[in-house]
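K.L.:
Got a structure for you, written out below as structure tokens; questions coming shortly.
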């Protein structure tokens with residue numbers, strides 16, 4: 001996604017600069033040195049803060065979720081997302097800092113390819129995981145009884161998405177090189193009366209070339225690569241819209257059932273009063289007194305117990321009402337937990353869209369390129385741990401336990 005394009009034509013026309021032959025068909029060209037601008041220094045400082053804060057935050061997320069034994073698919077996806085963010089903050093951002101400081105002169109071909117592999121595989125992987133999370137929340141909330149996405153399948157999904165992202169990164173890496181092809185460039189040093197030709201020119205600048213992959217394929221690939229962001233965003237927005245409609249519909253249905261239940265409970269209580277009065281009258285006239293008690297169990301459920309005290313002092317239960325802590329209430333509790341998790345992960349997705357949208361539009365040249373605004377997208381890799389800390393009380397509690405364990409040592 002973060003591709004900087006340089007013009008090759010200016011180099012081909014700059015015959016006043018001296019080229020140095022370093023092999024039979026390879027020449028070397030050095031760009032004039034340019035001091036680091038004030039804007040670049042500000043970007044470097046910003047990225048340095050992102051790198052430190054993001055590395056610490058994401059390693060805490062990885063540690064906390066790796067220790068959990070809940071066996072939830074959401075934990076698998078959050079771990080994958082935190083791992084992607086951690087690699088970005090620990091490796092990709094420092095690489096970017098060096099690249100900006102050196103005016104994008106990476107000098108070594110392997111370094112150039114590795115950097116572009118990382119940055120163009122991590123970005124789509126984050127987007128793909130966002131889609132997987134949205135699908136997971138959709139299944140959990142809209143189809144809670146359909147167990148399609150299990151933990152093993154979630155791990156397999158992350159592995160396949162990672163492999164596909166690596167393929168995208170590899171294609172991009174093959175497009176970039178520190179050598180440029182200029183078959184028509186003539187060296188300014190003559191050998192007798194013959195001018196020698198340079199087929200490759202070493203510039204040290206990591207830019208797209210046509211040496212391995214033709215330009216037509218590269219242009220088509222860039223369009224496909226850019227479309228992944230748009231497709232991912234549309235899928236996520238669509239899925240969360242369906243989730244929102246489902247939650248609103250269920251809430252309205254629950255409120256309607258609650259009103260109906262309140263009316264039914266009033267009628268049942270009237271019948272119970274009549275029934276208990278009848279029992280009391282019969283039992284008192286025969287064997288002894290009848291008491292109605294409420295029994296509270298250890299799990300918090302309540303039940304109504306009607307007992308009869310016999311003449312010999314023994315107490316015999318006559319009637320026991322069914323527990324109120326029913327299976328439906330447990331299902332509602334699980335649904336509520338899934339909704340809370342969906343809200344948190346939806347906010348993560350919104351931050352992803354806001355962070356990457358300007359850089360995506362600049363890469364497509366739909367808006368004017370601004371260097372500082374372009375690199376703002378790295379804030380997404382830092383924001384996720386902050387979102388978890390503010391919106392997930394379980395995550396906060398686990399962090400406090402981690403801190404208390406550290407203090408205990």
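Think of each number as a place in line: the chain as shown, counted from 1.
Every residue, even glycine, has its Cβ placed from backbone N, Cα and C.
TrEMBL lists 41-64, 76-97, 117-135, 156-176, 224-248, 334-360, 372-391 with the feature transmembrane segment. Annotated domain 'G-protein coupled receptors family 1 profile' per TrEMBL: 57-388, in sequence order.
Could you place the listed features in the three-dimensional structure?
P.N.:
When Cβ-Cβ distances below 8 Å are used as the criterion, the transmembrane segment (117-135) is approached by residues 1-2, 74, 77, 80-81, 84-85, 87-88, 91-92, 95-96, 149, 154, 157-158, 161-162, 164-166, 168-170, 172-173, 225, 228-229, 232-233, 235-236, 239-240, 345, 348-349, 352, 356, 380-381 of the same chain, each at least six residues removed from its ends.
Here the transmembrane segment (156-176) has long-range neighbours at 3, 76-77, 80, 112-114, 116-122, 124-125, 128-129, 132, 149, 206-209, 212-213, 218, 221, 225, 228, meaning same-chain residues at least 6 beyond its ends whose C-beta is under 8 angstroms from one of its own.
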K.L.:
Please give the sequence-distant neighbours of the transmembrane segment (372-391): residues at least 6 beyond its ends with Cβ less than 8 Å from one of its Cβ atoms.
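P.N.:
That would be 1-2, 39, 42-43, 46-47, 50, 53-54, 57-58, 60-61, 78, 81-82, 84-85, 88-89, 93, 96, 126, 343-344, 347-348, 351-352, 355-356, 358-359, 362, 399.
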